[in-house]
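Asker: One structure is given below, represented as structure tokens, and several questions about it will come after.
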Amino acid sequence: MTNKTSPATESATYPVLPLRDIVVFPHMIVPLFVGREKSIRALEEVMGTDKQIMLVTQINATDDDPEPSAIYKVGTIANVLQLLKLPDGTVKVLVEGRSRAEIERYTPRDDFYEAMAHALPEPDEDPVEIEALSRSVVSEFESYVKLNKKISPEVVGVASQIEDYSKLADTVASHLSIKIVEKQEMLETTSVKMRLEKALGFMEGEISVLQVEKRIRSRVKRQMEKTQREYYLNEQMKAIQKELGDSEDGRDEMAELEERISKTKLSKEAREKADAELKKLRQMSPMSAEATVVRNYLDWLLGLPWGKKSKIKTDLNHAEKVLDTDHFGLDKVKERIVEYLAVQARSSKIKGPILCLVGPPGVGKTSLAKSIAKATGREYIRMALGGVRDEAEIRGHRRTYIGSMPGKVVQSMKKAKKSNPLFLLDEIDKMGQDFRGDPSSALLEVLDPEQNSTFMDHYLEVEYDLSNVMFITTANTLNIPPPLMDRMEVIRIAGYTEDEKREIAKRHLLPKAIRDHALQPNEFSVTDGALMAVIQNYTREAGVRNFERELMKLARKAVTEILKGKTKKVEVTAENIHDYLGVPRFRHGEAERDDQVGVVTGLAWTEVGGELLTIEGVMMPGKGRMTVTGNLRDVMKESISAAASYVRSRAIDFGIEPPLFDKRDIHVHVPEGATPKDGPSAGVAMATAIVSVMTGIPISKDVAMTGEITLRGRVLPIGGLKEKLLAALRGGIKKVLIPEENAKDLADIPDNVKNSLEIIPVSRMGEVIAHALLRLPEPIEWDPASQPAALPSVDSQDEAGTSIAH
């Protein structure tokens with residue numbers, strides 16, 4: 001080998017090409033991709049002259065337009081061998097380094113970098129020492145290439161053939177995996193001896209690191225041998241099973257089930273059960289019937305939302321806005337939901353409430369539950385309980401039965417995919433029971449906040465937590481087993497007033513009718529007067545279902561008229577509504593047209609809301625018999641007997657001769673005859689009808705009444721006051737007599753109802769007679785000898801405590 005020294009050369013001007021993340025050494029042939037405008041112009045300048053360019057590395061690779069101070073002083077003068085312009089505007093250039101050079105100063109050119117530079121000479125050095133160093137470098141380089149797989153082995157052969165020590169040092173330096181700063185340091189070193197020593201030092205350090213890396217890889221490989229061995233054995237087992245005809249998918253299914261078990265947040269009990277079932281499944285033939293049962297079980301168990309919760313919205317203003325937008329009125333329910341959200345915003349451990357919405361059909365119980373789910377951010381699932389008679393519908397069947405499945409509760413939870421949905425149990429009062437069990441008793445565990453955290457389905461046989469579920473049940477009446485009702489917070493939803501129905505129509509029903517019938521708002525309109533006419537003359541209900549049907553009918557007729565070309569716009573008014581809906585079905589006004597003897601208007605509370613109840617009484621010659629008709633049940637029959645006994649005991653005060661009762665028969669009838677009726681709340685109406693019949697004094701047609709009567713003439717409180725008052729308002733009644741103890745319930749009655757009715761609380765039957773009859777009966781004198789001896793005074797107060805009648 002030889003050590004050539006380069007004589008010092010004079011300075012010359014060269015275009016400068018700043019490089020990023022690369023240092024080009026002399027004797028290297030390197031392809032470069034050039035994209036910066038200045039650099040491209042520098043290359044164009046070079047190609048037009050002697051093709052010599054100065055390649056210098058910039059200090060910061062991220063700098064797009066570096067200042068001269070941000071570029072290293074020492075670089076390489078190179079020849080441009082080839083230049084190729086690419087379609088994207090960049091230039092590919094092939095350069096060959098010639099010699100080291102140092103920049104003296106930059107020339108003031110703006111279009112590209114240009115600098116005055118001079119080549120750096122190499123000093124004279126001891127050739128023997130350099131020869132020894134070069135041999136060590138080549139030997140070490142061979143070891144380095146063997147360990148570093150990124151360098152081609154051919155490079156070692158090339159390096160060993162190089163006779164120029166300077167070229168050898170630069171070639172080795174260019175292939176080392178060292179930092180740019182260290183490569184630049186090698187470039188700036190002119191001494192061949194020092195370059196070889198640095199290269200040797202860098203290689204020894206890299207070889208040490210690579211040897212440690214190799215040892216680590218060997219150790220990891222040994223640790224992985226066991227896993228790989230098991231993998232190979234499993235692959236062989238799969239191949240054997242495939243040859244034997246077993247399904248390859250069966251093994252994949254096992255791996256999938258195992259992965260699902262590990263990823264699902266099962267409870268400790270459920271995880272143990274799942275692992276046991278999977279172990280059992282591994283030992284079965286995939287084609288066996290029992291394997292299908294186990295697979296189905298694991299699918300159900302892993303398909304449940306274990307610990308997956310929806311994020312509950314706690315923004316009270318947003319919740320109120322959603323509830324008010326979807327439903328008009330229903331303030332009590334909305335208030336309860338907002339209270340729950342308020343508490344939940346403070347405490348995340350609060351259990352979901354269990355509400356029971358009780359009210360007549362069509363008042364929005366089911367749709368309100370959907371609205372609550374939207375307001376709280378919960379998933380909504382609905383389970384219809386109407387007609388459910390089998391306890392297994394709730395708790396599921398045991399796995400011993402063929403075709404067994406979990407109950408509807410677990411099925412719904414899987415469908416919801418979240419562990420905290422809003423669960424609507426619809427029509428809970430319509431459940432039945434037979435020899436298969438009582439589903440209402442199975443619901444006791446589901447709806448008990450203290451127990452439902454450990455709900456156990458017969459099919460799953462592991463406990464599942466339902467405590468985060470918000471349960472809402474709906475019912476038309478409280479015909480629910482007491483233990484079940486005790487677990488729920490009952491919220492009554494009475495019917496709507498006429499004003500509320502009109503608002504509901506304007507906000508919800510009319511826009512829905514227009515949307516569903518593809519009408520435009522400017523094509524179809526219904527005036528407020530027409531809406532009131534529909535409410536009063538074509539529907540009589542607590543809810544708005546029939547009201548909606550009538551509005552849909554109006555929309556259909558409007559579409560028909562528009563398509564026939566009769567008109568471009570249909571406006572329904574109170575005057576032309578008969579043309580669309582026909583003859584009015586109901587008469588809005590008093591229940592009776594005239595004041596009549598023995599005919600009184602009572603108020604009843606049914607599962608479809610409040611109703612007017614006409615009670616008729618007639619008297620005829622006979623033997624003192626009392627006849628009652630109208631499909632009356634036991635409680636109402638007893639109520640009539642109590643009313644008759646009260647009137648008979650007060651006969652003289654009412655101007656009735658006592659012997660008259662033995663010579664006359666009284667017949668009390670409650671139309672309609674086909675409708676079953678029960679309850680004690682018509683007692684005051686019965687007594688009023690009997691007094692009117694016996695005295696011949698007519699009853700005012702615009703009075704309705706409700707209340708239970710005692711033998712002493714006291715009027716006891718009743719239930720369903722709001723529904724009864726709404727029925728009186730719908731029927732055009734002007735004056736309503738209610739028990740005095742129900743006066744406290746008037747606070748829950750809408751103001752427009754109280755303002756439209758004259759509501760009079762009464763405590764004794766004498767007050768009822770005074771308000772109901774057109775005139776008071778006059779007491780008569782009666783021969784004491786003909787009266788029974790020592791009867792207690794009927795005016796004495798009843799000593800018994802207050803009893804509540806519904």
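Cβ atoms here come from the backbone N, Cα and C positions, even for glycine.
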Asker: Which residue range, 219-239, 345-365, 786-806, is the one Swiss-Prot calls region 'Disordered'?
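Answerer: The range carrying the region 'Disordered' annotation in Swiss-Prot is 786-806.
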Asker: In angstrom units, rounded to an integer, how far apart are the Cα atoms of Lys365 (ATP binding site) and Ser681 (active site)?
Answerer: 26
Asker: When you tally the Cβ atoms that lie within 10 Å of each candidate's Cβ, which of the recorded positions (Thr366, Ser681) has the highest tally?
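Answerer: Of the recorded positions Thr366, Ser681, the most buried by Cβ count within 10 Å is Ser681.
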Asker: Where Val363 (ATP binding site) and Ser681 (active site) are concerned, what is their Cα separation in Å, rounded?
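Answerer: Their Cα atoms are separated by 24 Å.
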Asker: Determine, to the nearest whole angstrom, how far the Cα atom of Gly362 (ATP binding site) is from the Cα atom of Lys724 (active site).
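Answerer: Here the two Cα atoms lie 17 Å apart.
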Asker: In whole Å, how far is Ser681 (active site) from Gly359 (ATP binding site) when you measure between their Cα atoms?
Answerer: 19
Asker: Calculate the distance in Å between the alpha carbons (Cα) of Lys724 (active site) and Pro360 (ATP binding site), and round it to a whole number.
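Answerer: Their Cα atoms are separated by 12 Å.
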Asker: Taking the Cα atoms as reference points, how far is Pro360 (ATP binding site) from Ser681 (active site) in Å?
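Answerer: For Pro360 (ATP binding site) versus Ser681 (active site), the Cα atoms are 19 Å apart.
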Asker: If you measure Ser681 (active site) to Pro361 (ATP binding site) at Cα, how many Å is it?
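Answerer: It is 22 Å, counting Cα to Cα.
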Asker: Given the model, what does the mean pLDDT over the domain 'Lon proteolytic' (594-775) come out as?
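Answerer: It averages 89.
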